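Chemist: Here it is, the structure in full.
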Amino acid sequence: MGISTDNVHGLILAISSSVFIGSSFIIKKKGLKKAGMTGRSAGSGGYSYLYEPWWWAGMITMIGGEAANFAAYAFAPAILVTPLGALSIIFSAVLAHFILEEKLHIFGVLGCNLCVVGSVTIVLHAPQERAIESVTQVWDLATEPGFIVYSVLVVIVVCVLIFHYVPRYGKTHLIVYVGICSLMGSLTVMSVKALGIGLKLTFEGSNQFKYFQTWFFLVVVMICCLLQINYLNKALDTFNTAVISPVYYVMFTSFTILASMIMFKDMDHQNASQIATEVCGFITILSGTFLLHKTKDMGNSSPLEPPVFLSPTPHQNPNAGSPH
């Protein structure tokens, strides 16, 4: 079965979005670095980056990418659009290598390739989206018990991360900032999907803004986006861009597809072979992310010294001489 015209439009918009978003990571980090030299850094709770033109250039680029992504969700299912965010990993990692001098090791390149292969696997076996003719239909799906439970759990976990873990581990554990962005991102995408459908139907002649549900989804998008921007800035200012991008991608994609499965029941009409292939695609992506994370500092090590993979065990004296 060939790909539909709507899905083609969605794919083109999603790829364009990845190019803009991947580039925005680098532009924004350049602005954050310049702002940190003249004021309090974002990682320390400062907002001096708001006066930095480079940061705003990156923000505008990201908005352009998110706008393309927003439009993509109106044409294609989330499980098809979201994995294409892997392309932003490639652009941000390569640009970070050349512009920010955050060296990318050969294993990092392999990790990027694995992320793309896994994403393509998921895209090729993605389920068809159900036909939706009104925002009220999306509201009915969002108010079913399964998705309500998921949403409540997300809000609780995010609150725990913000109020308990951020003050203690935010500057040392990447997963804290990225976890907040990814969890809120899954709710953002579901609301963006609803809002995108509403806009699409409105432009086709069926006004969806007469329903309060459309405005509710708009408010959710605004709140979630503000939280994501704030904590993504902190992550970018504190950690290596080449690592933030893939980890954020995998977590965001995983939670988004999970939310889409719960809300839109994407896999109800798939057979075991299709589901297994998609799971393999995720494992491939996770493998690529693992390589990127484990080799993040290898590109900056001296070429004359072999990279060290293992830290001393609790019973090993790190100051002891070589056994050889």
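Cβ coordinates come from backbone N, Cα and C, glycine included.
TrEMBL labels come from automatic prediction, so no person has curated them.
According to TrEMBL, the record shows the following:
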- 6-27: transmembrane segment (TRANSMEM)
- 54-75: transmembrane segment (TRANSMEM)
- 81-100: transmembrane segment (TRANSMEM)
- 107-127: transmembrane segment (TRANSMEM)
- 147-167: transmembrane segment (TRANSMEM)
- 174-192: transmembrane segment (TRANSMEM)
- 212-231: transmembrane segment (TRANSMEM)
- 243-263: transmembrane segment (TRANSMEM)
- 275-292: transmembrane segment (TRANSMEM)
Chemist: Looking only at the recorded stretches 54-75, 107-127, 174-192, 212-231, 243-263, which one has the largest tally of CB-CB distances under 8 Å to the transmembrane segment (275-292)?
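Modeler: Per the Cβ count, the answer is 107-127.
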Chemist: When each of 54-75, 81-100, 147-167, 174-192, 243-263 is checked against the transmembrane segment (212-231) for Cβ pairs under 8 Å, which one has the most?
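Modeler: Most contacts with the transmembrane segment (212-231): 174-192.
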Chemist: Same chain, outside the transmembrane segment (107-127) by at least 6, Cβ under 8 Å from its Cβ: which residues?
Modeler: 11, 77, 79-80, 83-87, 89-90, 93, 242, 246, 249-250, 266-267, 269-270, 274, 277-278, 280-292, 294-296, 298-299
Chemist: Does the transmembrane segment (147-167) come near the transmembrane segment (243-263), with 3+ Cβ pairs under 8 Å (pairs 6 or more apart)?
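Modeler: Counting Cβ pairs under 8 Å (6 or more apart in sequence), the transmembrane segment (147-167) reaches the transmembrane segment (243-263), since there are 3 or more.
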Chemist: So what's near the transmembrane segment (81-100) in sequence-distant terms, Cβ-Cβ under 8 Å and 6+ beyond its ends?
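Modeler: Sequence-distant neighbours of the transmembrane segment (81-100): 10-11, 14-15, 17-19, 21-23, 25-26, 29-30, 33, 65, 69, 72-73, 108, 112, 115-116, 118-119, 122-123, 126, 189, 240-242, 245-246, 249, 252-253, 256-257, 260, 281, 285, 292, 299.
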Chemist: For the transmembrane segment (174-192), what are the same-chain contacts with Cβ under 8 Å, counting residues 6+ beyond its ends?
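Modeler: Contacts of the transmembrane segment (174-192) (Cβ under 8 Å, skipping residues fewer than 6 from its ends): 69-70, 73, 78, 82, 142, 147, 151, 154, 157-158, 161-162, 165-166, 217-218, 220-221, 224-225, 227-228, 231-232, 234-235, 238-239, 243-244, 247-248, 251-252, 254-256, 258-260, 263.
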